[in-house]
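**Student:** Sharing a structure below in structure tokens format, with a few things to ask.
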Amino acid sequence: MASFRKLTLSEKVPPNHPSRKKVNFLDMSLDDIIIYKELEGTNAEEEKNKRQNHSKKESPSRQQSKAHRHRHRRGYSRCRSNSEEGNHDKKPSQKPSGFKSGQHPLNGQPLIEQEKCSDNYEAQAEKNQGQSEGNQHQSEGNPDKSEESQGQPEENHHSERSRNHLERSLSQSDRSQGQLKRHHPQYERSHGQYKRSHGQSERSHGHSERSHGHSERSHGHSERSHGHSKRSRSQGDLVDTQSDLIATQRDLIATQKDLIATQRDLIATQRDLIVTQRDLVATERDLINQSGRSHGQSERHQRYSTGKNTITT
């Protein structure tokens with residue numbers, strides 16, 4: 001038995017045997033199967049040590065395939081141990097049925113169960129091999145995915161910068177439109193002030209003309225008074241006196257018109273003062289709003305520069 005334990009798997013199976021690549025448990029006794037499993041366990045421990053040395057370089061998919069293989073081996077061992085426990089429950093004097101001729105008497109495992117376990121083992125081994133190959137291909141495809149996932153944050157960062165630039169452009173256009181709306185009333189107020197100034201100049205020119213007419217009328221009135229005194233001394237015609245009265249009456253009417261025009265000028269000047277006061281209030285309000293917007297814009301620019309420096313670092 002000790003010499004048989006030292007044999008390798010190639011020595012136990014003949015070279016010309018048709019199932020050299022796959023071990024057939026139907027031609028082996030229970031002791032041979034146990035020895036084969038011990039050798040297989042030794043080889044598995046050596047492979048496990050090699051895998052532990054290279055575990056840092058292996059992908060999670062290959063480790064998963066190894067875990068499937070290890071579970072399958074434990075399942076096969078349970079299958080064999082359950083079969084042995086079932087056979088030990090039988091009486092020693094009874095000859096088991098379904099045994100192969102020439103089979104070792106210590107091998108208490110029935111032929112049907114041996115075939116079933118062998119088929120399950122081979123099928124599971126092929127399945128695990130296919131899974132390991134698929135996991136290997138999947139691990140080979142993972143670098144491309146990792147490169148794509150690595151390039152994705154850069155694209156997201158670029159899209160975020162573009163979105164921030166678009167938002168700033170929209171806010172700038174809104175501010176420009178608001179400034180245009182605010183400047184339009186200022187332009188209208190300036191145009192109204194120009195019209196009022198032009199009206200004031202016209203009224204001043206009319207007032208100067210009325211003053212000149214008033215001086216002329218005063219001069220004519222003085223001349224008429226001087227002629228009236230001469231006529232009084234010389235007892236002149238009544239016709240000249242009547243003409244002087246008519247001229248004086250005309251002067252009074254012209255003076256009354258001048259007073260009415262002057263009153264209108266005062267009313268217009270008062271209206272101009274009221275409108276000018278309103279313009280001053282609106283201009284002051286615009287200046288306050290503009291200073292507030294400038295302060296907010298400076299704060300937004302400061303926050304943007306701080307965020308940009310944070311992203312750069």
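Note that Cβ sites are derived from N, Cα and C of the backbone, with glycine treated the same way.
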**Student:** Check the candidates Ser81, Ser101, Ser234 against Swiss-Prot and report the one noted as phosphoserine.
**Tutor:** Ser234
**Student:** With Cβ-Cβ distances below 8 Å as the criterion, list the same-chain residues six or more beyond the ends of the region 'Disordered' (290-313) that contact it, or say none.
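**Tutor:** Distant contacts of the region 'Disordered' (290-313): 157, 164, 168, 175, 182.
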**Student:** Using DSSP, how many residues of the compositional bias 'Polar residues' (169-179) fall into helix, strand and coil, respectively?
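**Tutor:** Across the compositional bias 'Polar residues' (169-179), the residues distribute as 11 helix, 0 strand, 0 coil.
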